[in-house]
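Peer 1: Please see the structure below; I have some questions.
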Amino acid sequence: MADMQNLVERLERAVGRLEAVSHTSDMHRGYGDSPSKAGAAPYVQVFDSLLAGPVAEYLKISKEIGGDVQKHAEMVHTGLKLERALLVTASQCQQPADNKLSDLLAPISEQIKEVITFREKNRGSKLFNHLSAVSESIQALGWVAMAPKPGPYVKEMNDAAMFYTNRVLKEYKDVDKKHVDWVKAYLSIWTELQAYIKEFHTTGLAWSKTGPVAKELSGLPSGPSAGSGPPPPPPGPPPPPVSTSSGSDESASRSALFAQINQGESITHALKHVSDDMKTHKNPALKAQSGPLRSGPKPFSAPKPQTSQSPKPATKKEPAVLELEGKKWRVENQENVSNLVIEDTELKQVAYIYKCVSTTLQIKGKINSITVDNCKKLGLVFDDVVGIVEIINSGDVKVQVMGKVPTISINKTDGCHAYLSKNSLDCEIVSAKSSEMNVLIPTEGGDFNEFPVPEQFKTLWNGQKLVTTVTEIAG
């Protein structure tokens, strides 16, 4: 039955793609489309099928979830439509120089920044894991600037998203299937894009070999007030005609120069003899008359950036937060505080610690999970956690469990010391993209023995699969 269901789903997706290719004239109107799709490049039509398939499904489910997820999805959709406009341009024009290419990529780059900024501005969102999954992977749209391996770049971004989509699945798999479908739809965008790149743009964005050199995107998304503005000013007067006499003089001088060169050794007959009294190293008086020697040109050095005369405005300091919001303890923007304590905890509560610097925090009682995000020099002591303690985007963090914790996750962190209790020796340490990690195990005397977490690995192909082992470094 499961095989039959999978077959039906594959057939439905195939039909959807065929319909997209056949009826793309009704889609994405105003984003580089011509009235007729008969002349559209094949890889543009296939990209349209991606928009009509996984992207449309992702937008549909995001709309059903609503809120921040829907707003985020609309931003992603805009980025994909900008990318489609670039594909249309590439199919019709030749590749421009690098400095001009960066101008063509600027709209996509700005849209990527907007998607990432939205996540940063909504850290208190209940759907923060959804926003993080999108924010961590949206840079996959930059594959158009990646050569010679754009496909692996997209896969890397997709893998980054899975760190957060796994958390969405864990949270909603038994609660709301809609969020599970959302994860499948979103990740399928990037897996389908990888297959698309492999077929049409294996070593980089494929540009036309004919046509004009690309200067601007063909059919950028038009805003609602696109037609209300005044017409652009007329072009300025043409530059004055270049004098032809200078060109003829230059040509004549060049001819004379070649004529002299062609004389060969006889050219030296026109040289004058220089006697000793005309040489500065033989006649000191002549050297004194000529004044100080001019120094040669200085070697090239990169221009130093000009310093602004006006002082830079001070960075706005965010207010410190320590409060219970629903079931979430928020500890944010704490600096140089050494006595923070959370006491009234419950099993269903979670703690989110964000942008705390040189601060120590103690969490008493039993809590569901703890997340440490973007913190520096943080000391965290807690009793019991039934879920996971996660440290991400941080540095020089020390955590100590007094009771029990099943899992400690360390991601994108440089410097982490995890002090385990005797009751938590079976704790799993999961790490990724991190360094300088140490686990400290208690001894009978009350001290701790320090054990570094491996950071270097060796992977070999054994004929059937990849086998990865820790690399021991003798120091």
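Don't overthink the numbers, they just go from 1 along the chain as shown.
Note that Cβ sites are derived from N, Cα and C of the backbone, with glycine treated the same way.
Note that the coordinates shown come from a computational prediction; the quantities given were computed from them, not determined experimentally.
As annotated in Swiss-Prot:
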type	residues	note
MOD_RES	Ala2	N-acetylalanine
MOD_RES	Tyr31	phosphotyrosine
MOD_RES	Ser34	phosphoserine
MOD_RES	Lys81	N6-acetyllysine
REGION	216-255	region 'Disordered'
COMPBIAS	218-228	compositional bias 'Low complexity'
COMPBIAS	229-242	compositional bias 'Pro residues'
COMPBIAS	243-255	compositional bias 'Low complexity'
REGION	278-318	region 'Disordered'
MOD_RES	Lys287	N6-methyllysine
MOD_RES	Ser290	phosphoserine
MOD_RES	Ser295	phosphoserine
MOD_RES	Ser301	phosphoserine
MOD_RES	Thr307	phosphothreonine
MOD_RES	Ser308	phosphoserine
MOD_RES	Ser310	phosphoserine
DOMAIN	313-453	domain 'C-CAP/cofactor C-like'
CROSSLNK	Lys348	SUMO1 cross-link
Peer 1: Counting across all protein chains present, how many other Cβ atoms fall within 10 Å of the Cβ of the residue listed as 'N6-acetyllysine'?
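Peer 2: Taking all protein chains shown, the residue listed as 'N6-acetyllysine' has 19 Cβ neighbours within 10 Å.
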Peer 1: By DSSP, how many residues in the domain 'C-CAP/cofactor C-like' (313-453) are helix, how many strand, and how many coil?
Peer 2: 3 helix, 86 strand, 52 coil
Peer 1: Within 10 Å of the Cβ of Lys348 (SUMO1 cross-link), how many other Cβ atoms can you find? Include all protein chains, please.
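Peer 2: Result for Lys348 (SUMO1 cross-link): 9 neighbouring Cβ atoms inside 10 Å.
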Peer 1: Express the distance between the Cα positions of Lys81 (N6-acetyllysine) and the residue listed as 'SUMO1 cross-link' as a whole number of Å.
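Peer 2: Spelling it out, the Cα of Lys81 (N6-acetyllysine) and the Cα of the residue listed as 'SUMO1 cross-link' are 42 Å apart.
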Peer 1: Quick check: in three-state DSSP terms, what is Lys81 (N6-acetyllysine)?
Peer 2: helix
